[in-house]
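> First the structure, which I've put down as structure tokens, then a few questions once you've had a look.
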Amino acid sequence: MASKGARNIILSVAITFFIASCTTVANQLAKNALTYDKEKFAAPFFMAWFGTLFMIPLYPIYFLIRKIFTKASMDEINGEAFEILEGKDGRIYKELVLGLGSFTFLILWTGPPYLFGVSVQFISVSAATGIGSLSAAMVFLFSIIFLGAEFSWFKAAGIAVSIAGVVLLSLDGNFTGSVLGVCLILLWAFITAVYNTAFKKVFGDLSLAQVLFYQSLLGLADFIWNTIPMLVLAFFDYDRIVWESIPWLPVIGNGIAGVAFAFGANLGIAMLNPLVVSIAFLVGIPMNAAVDIIFRGLDAGPLVYIGGVLIAIGFCFTSLPFDDWIRKLTGKKEKDAESDIKDSKDTKSSDLS
């Protein structure tokens, strides 16, 4: 049977590549939708609102599947999920606390895709994901400050190497863009880091049922809080929507990919740590660059490939448990040294006798 450390490595790598793939698909489809015909559709807030609604049926689907295929009762299934609404005393939080909490997490959740949708109208997806990778450094810092995470030189080095790769990618001429787009992505990176850290701080370790229940609640909060602002933005043409000309294929595809990303991200934060999600963004950079090169005709210089290699090296440093391996290695050496000293003493004692 695989050890816990080995299972965590496999889970970490699997979730990382799953999130990276989902973000690549979602980002590219968002770019397609928002640049297809700007005169008829330029609505990043609508896309953030619409995509979050896709999360509403997640827990009901999970509930039906578990009810049909297991012997668990309705109370058992719901009881486990509802624990995220309870305080340390076992009582459900008051309505005001739940309302403010849902509003806060909704802003932290829908803010980043909205900012990303606006930014990719000015800069390439590769540039946006490259600059946004700074969220990894922010999460690493926030985890140490607010979550009491242990400082790791290997993780710090991995993030530094990955960011160096991002810098090389950014030096390529195809990554230049407007100052506004860069500023929006920097804000996106900050809010993303705050969400990842806050989610872990508030909810801690969650089960699959609790993650899906949380996502369904977030979708409902999106419908309650964001529907009127979406209509207001569309009415005053801040979100430009010609309803009969909406490019539904990339919009719906973006929503589905966004739900898959949300599941992977929240599960990764709950079962592992917030840094996993940020590292996934780093891994997604060369994926987005590959899509831009192959399908959007961007020319790739040597800096792009060198940067991709550095990001891959950084991913290994942050994902593999080098700290645990060194502890085991040094611990084994200490035990061997103690054993040698003991054997030496036993030999001397036998010689004297």
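Quick reminder: no glycine exception, Cβ is built from N, Cα and C everywhere.
Predicted, not measured: the structure shown is a model, and the values here were computed from it.
Look at TrEMBL and you will find 332-353 tagged as region 'Disordered'. The transmembrane segment annotation in TrEMBL covers 42-65, 96-116, 122-146, 153-171, 177-199, 211-236, 248-268, 275-297, 303-322.
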> Is it the case that the transmembrane segment (177-199) and the transmembrane segment (122-146) touch, counting contact as three or more CB pairs under 8 Å in which the residues of each pair are 6 or more positions apart?
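Between the transmembrane segment (122-146) and the transmembrane segment (177-199), which are separate recorded stretches, there is contact, as judged by 3 or more close Cβ pairs.
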> So, taking each listed stretch (42-65, 122-146, 153-171, 211-236, 303-322) in turn and counting its Cβ pairs to the transmembrane segment (275-297) that are under 8 angstroms, which one gives the highest count?
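By the under-8 Å Cβ criterion, the transmembrane segment (275-297) pairs most with 122-146.
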> Between the transmembrane segment (42-65) and the transmembrane segment (303-322), do 3 or more CB pairs sit under 8 angstroms, pairs being 6 or more residues apart?
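Contact between the transmembrane segment (303-322) and the transmembrane segment (42-65): absent.
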> Is it the case that the transmembrane segment (96-116) and the transmembrane segment (211-236) have 3 or more CB pairs under 8 Å, with pairs at least 6 apart in sequence?
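Contact confirmed: at least 3 Cβ pairs fall under 8 Å.
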> Restricting to the same chain and to residues at least six past its boundaries, which positions have a Cβ under 8 Å from a Cβ of the transmembrane segment (248-268)?
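Non-local partners: 12, 15-16, 18-19, 22-23, 25-26, 29-30, 32-33, 36, 47, 50-55, 58, 109, 113, 196, 199, 206, 208, 211-212, 214-215, 218, 276-277, 280.
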> Tell me, please, if the transmembrane segment (122-146) and the transmembrane segment (42-65) are in contact, taking contact as 3+ Cβ pairs under 8 Å between residues separated by 6 or more positions?
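Between the transmembrane segment (122-146) and the transmembrane segment (42-65), contact is absent.
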> Let me spell it out: take the transmembrane segment (42-65), skip the flanking residues so only those 6+ beyond its ends count, and list any with a Cβ under 8 Å from a Cβ in it.
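Tertiary neighbours of the transmembrane segment (42-65) are 26, 30, 33-34, 77-78, 81, 106, 109-110, 113-118, 121, 208-209, 212-213, 215-216, 218-220, 222-223, 226-227, 229-230, 233-234, 238-241, 251, 254-256, 258-259, 262-263.
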